């Protein structure tokens, strides 16, 4: 019987690649996506397309309305998404307060209910936006919490957080996505709320630069 892995699936390139790595490892993969009031709702359609293309065993989307209290340019429509690069040491306005902490908690809940051995995350701390909840020390601390706070953890067989991309460059992620036949054209990385990638937000810029470096400029937004 194959192992089960829960994949947090945003619809973006990173989470799709992480899910594909779990599938390559022979795991039964269950996708979990979140409608949290993000302005870029297009990513939810992308998540569904990716789940189907990768042949995930199940795919769930749940509502977690983080826009109710805002605090991020990804949820507050009156707050513009920045179109300049990330400054060193500055956490950008696209950081959503507590987002990964909430999402991982829900992923662990699903994992324990399904008897999943792993929860795979597409977080990346290298070529990304400096978010505090995408770093190895954060994940290590969360693993300790999960082991203490769950029945399975107390019994010695708790769900393990798996972040295979956390220290990869964006170019390496693109190269792995190509190797794994991830449907890159179906993924969505843009922070803006339009029907087409803006090409100027931080997420678009990082993605496009990596695609060009990996020899696939045809998949870039512009």
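Glycine is no exception: its Cβ is also placed from the backbone N, Cα and C atoms.
The structure displayed is predicted, hence computed values, not measured ones.
Lifted from Swiss-Prot, the feature list:
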- 9, 10, 11, 12, 13, 14, 15, 16, 17, 18, 19: ATP binding site (BINDING)
- 190, 198, 201, 204: Zn(2+) binding site (BINDING)
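Overlay of Swiss-Prot annotations on the structure.
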residue	record	CB count, 10 Å
9	ATP binding site	30
11	ATP binding site	24
13	ATP binding site	29
15	ATP binding site	26
17	ATP binding site	28
19	ATP binding site	29
190	Zn(2+) binding site	22
198	Zn(2+) binding site	18
201	Zn(2+) binding site	24
204	Zn(2+) binding site	20
(request) Compute the centroid of the Cβ atoms of 9, 10, 11, 12, 13, 14, 15, 16, 17, 18, 19, then list the same-chain residues not in that set whose Cβ lies within 8 Å of it, in sequence order, for the ATP site. (result) 7, 47, 50, 122, 187
(message) Beyond the listed site residues 190, 198, 201, 204, identify every same-chain residue whose Cβ lies within 8 Å of the center of their Cβ atoms for the Zn(2+) site.
(response) 81, 189, 191, 192, 197, 199, 200, 202, 203, 205, 221
(message) Roughly how many Å lie between the Cα atoms of residue 201 (Zn(2+) binding site) and residue 13 (ATP binding site), rounded to a whole value?
(response) 15
(request) Give me the Cα-Cα distance between residue 9 (ATP binding site) and residue 198 (Zn(2+) binding site), rounded to a whole Å. (result) 21
